[in-house]
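As structure tokens, the structure follows; a few thoughts come after it.
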Amino acid sequence: MQGMPLDKVIGSIKAGVGGTLGSLALIMGFGAMLGKMLADCGGAQRIATTLIAKFGKKHIQWAVVLTGFTVGFALFYEVGFVLMLPLVFTIAAAANIPLLYVGVPMAAALSVTHGFLPPHPGPTAIATIFPCRYG
């Protein structure tokens, strides 16, 4: 935008922000709908009770990390976050534990997969910048 005429700055910002929000809004919307359906149909409750039964209340964080890591392989961070949020709320309520106790491990697992594993944008961009094989 440096050196751009003032009357074109607004159009440039609209195009940039609109392009980003245009692709993200659709993903976030569909992810929120799928998460809401999962919660309303009892799927989140069933997943929560199964994880609590298998891992126990003491190790529920590991269950959430494994679930977040698995979801993070296939989905981008934003989509995985929106999808898993109802599950995190349900697990916290069912196990009667603080929300951050299960929310932080979920976000950490999604962040790791998004930041370190191709085909996510960050690792792919780095592999492109430095000529290396990531396949």
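Just so you know, the numbers here start at 1 and follow the chain as drawn.
Even glycines carry a Cβ here, placed using N, Cα and C.
What TrEMBL says about a protein is an automatic prediction, not a curated fact.
Pulled from TrEMBL, these are the features on record:
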type: TRANSMEM; residues: 20-39; note: transmembrane segment
type: TRANSMEM; residues: 60-77; note: transmembrane segment
type: TRANSMEM; residues: 83-104; note: transmembrane segment
Residues of the parent chain within Cβ reach of the transmembrane segment (83-104), under 8 Å, 6 or more residues beyond its termini: 31, 34-36, 38-39, 44-45, 47-49, 51-52, 57, 60-61, 64, 67-68, 71, 75, 110
Contact set of the transmembrane segment (60-77) with the rest of its chain, CB cutoff 8 A exclusive, min separation 6+ beyond the ends, reads 27, 47, 51-52, 54, 83-84, 87-88, 91, 95, 97, 101-102, 105-114, 117, 120
